[in-house]
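TrEMBL lists 20-43, 49-70, 91-116, 136-153, 165-187, 199-220, 260-284, 290-308, 329-349, 361-382, 394-416, 422-440 with the feature transmembrane segment.
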Amino acid sequence: MTRSISTAHTELSVRNYASYATTAFFIGLASVAFGASDLIMVAPKGLEQSAAVAAGDLIVVGLFAFLFGITDFFAGRLAMVEGQHQTSRHLRVLVAVLAVLIVVSQIIAVVLSIPLDRLLELGGQDTNLIPLIGDYVSVRLYGVGLYIAYVAANEALKTCGLKQVALIILIGGVGANVGLDWLVLYGPFQGWFASPTQAIAWVTIGVQLMMAVASVAVFVRQIYHRDGRLGPFSRLAFSRTLSQAIRVAPGIGVRHLNDYAGAIVSLFVVGTLGVQALASFAVAAKIYTIFARVPQACVSATFVYYGYEVGRQTPPRQLASRATQMVRYTTVPTVIAGVIVVGLSPWLVIWFGSDEIDRSLAIWFVAAFMILVPLYIVAASYGELLTIHQRGGVLSAVSAISTWAIVVPITAVGVVVFEQPVVAVGLGGVISTAFEVWRFRRALRRDQWSDPRPAISAERDG
């Protein structure tokens, strides 16, 4: 395989970008199906089991959001060296750093699992649900290392031109998850675990192990076939990269955690107005979450292709131009999807909601979410660019202000004081996202697009 063919995927073009974004979109849908299959399979076991899995998954998603800082750091550095056509030279160092971070994360996760039941009790959780939620979350925490390894391997496949393989492995994982869920809940292995929630959690870990092994095997085979032998291990490059990861990854993780916390807090605040408001908000959020897979897929393509450009040490002015070009690429499919969602919102609300839901309120919530989409495209894109530049401090600080000084107060005042949840959600979203656009753009223009030297050199730092 010639180099011109093996690295063609790193060239920014409409075709390459659209191909990556399309695959990322279906990967996102498959990921949703993976989680939804657990809830569907456990539902016949009763309301308590379903509630425990749903509540446990909320906790796990929040904890894992922080861990995306590790995988984002790894994926960003990998995209840079892939853009340089130097992946095999730097891979040993990147994998070694990832392994250290996985071990540390796993130790912390095990420690967190010890007082879990007590924390749930202090949080006012239903006493009947505490042991069930504890079963689920504890087991999932035991698999933190596997989760990070799988996500990193999945990102590696997508970055190095094997995105379709990443999708196939995930689809296979969804099928395996459903099959194994049936075996442990209703088949010959029923009763092997302390509770159905624990069984579901162990199945998830087992499937993640299979997907991680498959992803790593395919990736390693591709690298050896394409590039030949791996480069030597450099202790100096390892220490530098590990130091950067320790400095940067937590900031990136905090950004993800703040974004997640803002959504959850808004849900709880709106819920103070009663079941109708909560149900309407939840249905609108579900519709928006599915729609958001479109811009998120495009933004993930921006992350990778911008990483390629930084790795090639593209001049700052040209780098800024490439960024603007990719924001435009994101805008077109997002606008099309947005128009479709807004037009179909009355029917989507009926489809996702029950007969008792306040459909008019749900439609207004959809509008409140959709009004911030133009700003969201830019903010999300710029956030990924800063992730490539390893600006964890900027990302964490801006997201903290956006969430805790803008979204939460505006939502709380609008809901609790004025009882205007739609206005509160829309206004909080627009102001916070506009703030992120302003701060992220300022950081990029001042520090990344005006300096004649690239912000980070993968060649220098390993």
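Backbone N, Cα and C atoms are what each Cβ position is placed from, and that goes for glycine too.
Annotations in TrEMBL come from automatic prediction, not curation.
Counting Cβ pairs closer than 8 Å and at least 6 residues apart in sequence, the transmembrane segment (394-416) and the transmembrane segment (361-382) reach fewer than three and form no contact. The transmembrane segment (290-308) and the transmembrane segment (20-43) are in contact, since at least 3 Cβ pairs between them lie under 8 Å (pairs 6 or more apart in sequence). By the Cβ criterion (under 8 Å, sequence separation of 6 or more), the transmembrane segment (165-187) is in contact with the transmembrane segment (20-43), since 3+ such pairs are found.
Only residues 6 or more beyond the boundaries of the transmembrane segment (136-153), in the same chain, are considered here, and those with a CB under 8 A from a CB of the stretch are 52-53, 56-57, 59-60, 63-64, 67-68, 70-71, 74-75, 98, 101-103, 105-106, 109-110, 112-113, 116, 197-198, 200-202, 204-205, 208-209, 211-212, 215-216, 219. Long-range contacts of the transmembrane segment (260-284) within its own chain (CB-CB distance under 8 A, at least 6 residues past either end) are made by residues 58, 61-62, 65, 349, 352-354, 356-359, 361-363, 365-366, 368-369, 402-403, 407-408, 411-412, 415-416, 419, 421, 425, 428, 432. Packing against the transmembrane segment (361-382) from elsewhere in the chain are residues 276-277, 279-281, 283-285, 287-288, 291, 295-296, 299, 302, 323, 326-327, 330-331, 334, 338, 341-342, 345-346, 348-349, 353, 421-423, 425-426, 429-430, 433-434, 436-437, 440-441, 444: each is 6 or more residues past its ends and has a CB under 8 Å from a CB in it. Within its own chain, the transmembrane segment (49-70) is flanked in space by residues 35, 38-39, 42-43, 98, 101-102, 105, 109, 112, 125, 129, 132-133, 135-137, 140-141, 144, 147-148, 151-152, 195-197, 200-201, 245, 248-257, 259-261, 264, 392, which lie at least six positions past its ends and keep a Cβ under 8 Å from the stretch.
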